[in-house]
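Working notes for the structure below.
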Amino acid sequence: MAIDSVKWRVDHYIVNRDSAYANPRYALKKLQGGNRRFIESKSIRPRQDISFIKKLEKGQEPFATIVGCSDSRVPNELIFDQGLGDLFIIRTAGQVSAAASYGSMEFAVLKLNTKLIVVLGHTECGAVDAAVKRPENVPGHIVTLINEIKGAVAKSSHIAGNATNNAVRQNVIDQVADLRDLDPILHKKYIDGEILIVGAVYDIHTGKVEFLEETLLNLPQNKSKQ
């Protein structure tokens, strides 16, 4: 089959990059398609050769911002089958956000014109597991991470099953809500439909990214295009 034929593009869940950069819903579809390629062993590894180093010398146009965990088992470009200049990535343990992370997201939205923010948690997260187990005498600044996640642990404590993974999901949902309310930039951009902020969880056992339904409901439409 010819590469880039219509059938090949359909079989490989290809979404045009320009469309993804211009429209957050297409950006979401592009990430979903990339993860499907990854788990189906169809990865095309776009924009990963040396020629793109030269093309990106004068600037970047990432079509999505990923707010994810620092865990080495979750390489964002690989699991979404994207390449150089495609994703603006902010990583901390437990994807806990603070002022520097917020500023990075605002920079991506205002200066790079990125229209999709994805909060990406993952199963068996060590930071979340620490918050669940609440160890005593936590050294250094690690306690800061645990304190930021404790609320999600409490909210999900009534759910049957894996306490850590339940808290991972709740932590993502809470972080999405916080970012949607974050003034002065993200909140207005979100309610006006100029950007979307959604949540997802990566399964370290299967490689699958689940975009959480709770964060996909009632997404705003772009008011400027109505």
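Cβ atoms are placed via backbone N, Cα and C, with glycine included.
Automatic, uncurated: that is what TrEMBL annotation is.
The number of other Cβ atoms within 10 Å of the Cβ belonging to Cys69 (Zn(2+) binding site), over all protein chains shown, comes to 25. Per TrEMBL, Zn(2+) binding site is recorded for Cys69, Asp71, His122, Cys125.
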In the chain carrying Asp71 (Zn(2+) binding site), residues 6 or more apart in sequence that have Cβ under 8 angstroms from it: Ala93, His122, Cys125, Gly126, Ile204
Zn(2+) site, defined by Cys69, Asp71, His122, Cys125: further same-chain residues with Cβ within 8 Å of the Cβ centre: Gly68, Ser70, Arg73, Val74, Ala93, Gly94, Gln95, Gly121, Thr123, Glu124, Gly126, Ala127, Val128, Val168, Tyr202, Ile204
Reduced DSSP assignment, His122 (Zn(2+) binding site): strand
Neighbour count (Cβ, 10 Å) for His122 (Zn(2+) binding site): 24
